[in-house]
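Novice: Take a look at what TrEMBL says about it:
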COMPBIAS  1-14  compositional bias 'Basic and acidic residues'
REGION    1-20  region 'Disordered'
TRANSMEM  86-104  transmembrane segment
TRANSMEM  110-128  transmembrane segment
TRANSMEM  199-218  transmembrane segment
TRANSMEM  224-244  transmembrane segment
TRANSMEM  339-361  transmembrane segment
TRANSMEM  381-401  transmembrane segment
TRANSMEM  421-442  transmembrane segment
TRANSMEM  469-495  transmembrane segment
TRANSMEM  507-532  transmembrane segment
TRANSMEM  552-571  transmembrane segment
Amino acid sequence: MEQPENRKVGREAKESDEEEKWVHDSSVDYKGRVPLRSSTGVWTASLFIITIEFSERLSNFGITANLISYLTKVIHQDLKTAAKSVNYWAGVTTMMPLFGGFLADAYTGRFSMVLLSSLVYLLGLSLLTMSQFIPSLQPCDVGECEKARKIHEVVFFLAMYSISLGTGGHKPCLQSFGADQFDDDHAEERKKKLSYFNWWNIALCCGLVLGVTVIVYIEDNISWGVAILILTITMAVTVATFYMGKPYYRYRLPEGSGLTSMLQVLVAAVRKRTLPSPSNPALLYEVPSYKIQGRLLGHTDRLTFLDKAAVLEEEEVSNEVKHNPWRLATVTKVEEMKLVLNIIPIWLTSLPFGLCVVQTATFFVKQGATLNRKIGHNFEIPPASIFSLSAVGMIISVVIYDKILVPFLRRATGNERGISILKRIGSGMIFSVASMSVAALVERKRQKIAEEDINVLAGEKNVELPMSVFWLAPQFLILGLGDGFTLVGLQEFFYDQVPDSMRSLGMAFFLSVLGAGNFLSSFLITTVDHITEKDGKGWIGKDLNSSRLDKFYWLLAAINSVNIFVYVLFARRYTYKTVQRRLAATNLNKDDGMELMP
């Protein structure tokens, strides 16, 4: 006769086999079925997704790295106006994902949103190509002119903002869609997912490097038209490749508006504000885990006022009563509301870092344009190509972190990540202060050379100073090293720490750090210029030689220094997301395990 212990072992082995064979994380395959682990997701699916990200970054940086040069040399905007135009466009581009992420989470799903927005992005690139090749849309009839045609400006900016619209759905969904290919409840896949964000950013940097070197070189030495045509063809090919990966993906179905559920929690908490809170959090209302597909969140002791929304009244105690979500919320819904409120201080204290990052596409590039960019006698580096050093710094940082620091720190701390996400973010912020300080010193040296240059004194424009462009390398490399800690850390943070149903919106929160950084930069430029002009010579003039950018960089260094202390204060008080993991996906009646997600 079979012993009970043997039956128990056999049942557990069968459950383990089922968990290994199927993915029970509420995702489905392309036919709407439970995904088979061996043939869906993980790195096979992620490679299709990373391919289109490489193409998008190639296009984005191939255009934006040289955008300020195009605006000043072809459309003939002055430096101040061109910097604002770049900042406004970049700001809109990185704020649009808030809308795209919301729509994807609530209604369309991530795959559909990525596909649709990629087609819009492709439309923008096509318009940009037309503005370069169709004679009536070109900036001038022949060669260069004093001012570009108005029709060219209109089509150019229409194309650029079409790209912004496409980015709005593309950026927040693609990276989170890639992360969805890894099962959080499977130990091996969860470890692979920790590396996913690092290698995603390496692919991103490869696209960046090619964009600001090869594509920018073609723009400067052959034509913008040829460069944009290459980008358009590349994007079309990778969109088709992305669609071909459809059978290998794991899909998350949209769960409705997360904003609505948060509003329901707030309304329910206000309605029950006079009720006493139970002494034991276990008495708060929660749906059993076997009745839902998603993960449950554990109770936390922060923002306890919101717990009132989960307090059961006498008429709500019966299981047969259909609960009104505007009067009663589950603990998970309450905790989701707390998560969103808790990330706001982290988002706010990340903005000064974003303020530094956006300088690389504007003032850093313009600095490079005034310096000696020759290598040997014949080859000249395009001004925007020096931007690639930032990507090199980020690649070095990410590889060292993933391959050396994380394994060492895992053994030292026992933490699966090595160090917590917030410590990683804070470590990178220190680099922003160092980068801005170095930038200020280098800019002051450049100004002193300009003040003594005969051609500058004679009032000539576009003077190349006898100072190597590689003097800018340290500020790019240092900020790139910081990006590998802070930007990658922020990506992980806003994916992991938002509610599971709002992960596209979470990636949009990350992108909005850079978007808000662009708007803040424009505001700071305007404010600084207005204040300093009263003293005679403004910090931001019509060109670099009539400006005092070194003082502007010192201001950014000071802002970031103060911000680090504020960030540490909030980071120390932050409570990480606590999830209830199912111990076995097929045994839904077992108690759930609690796990902290640092």
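Don't overthink the numbers, they just go from 1 along the chain as shown.
Note: Cβ is positioned from N, Cα and C throughout, glycine not excepted.
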Novice: Examine the transmembrane segment (552-571) against the transmembrane segment (469-495) and state whether at least 3 Cβ pairs sit under 8 A, considering only residue pairs 6 or more apart.
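Specialist: Contact absent: fewer than 3 Cβ pairs fall under 8 Å.
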Novice: Which bits of the chain, at least 6 residues beyond where the transmembrane segment (110-128) starts or stops, bring a Cβ under 8 A of a Cβ in it?
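Specialist: Hits for the transmembrane segment (110-128): 52, 56, 59, 63, 100, 103-104, 155-156, 158-170, 173-174, 176-177, 180, 228, 231-232, 235-236, 239, 242-243, 246, 249, 251-252, 504.
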Novice: Give me the stretch from 224-244, 381-401, 421-442, 469-495 with the greatest number of Cβ pairs under 8 Å to the transmembrane segment (199-218).
Specialist: 381-401
Novice: So if I exclude everything within five residues of the ends of the transmembrane segment (469-495), which remaining residues of that chain have a CB under 8 angstroms from its CBs? That is, six or more out.
Specialist: 175-176, 179, 197-198, 200-201, 343, 346, 350, 353, 356-357, 360, 364, 367-368, 371-373, 381, 383, 386-387, 389-398, 401, 421-422, 424-432, 434-436, 438-439, 442, 445-446, 503, 506-507, 509-510, 513
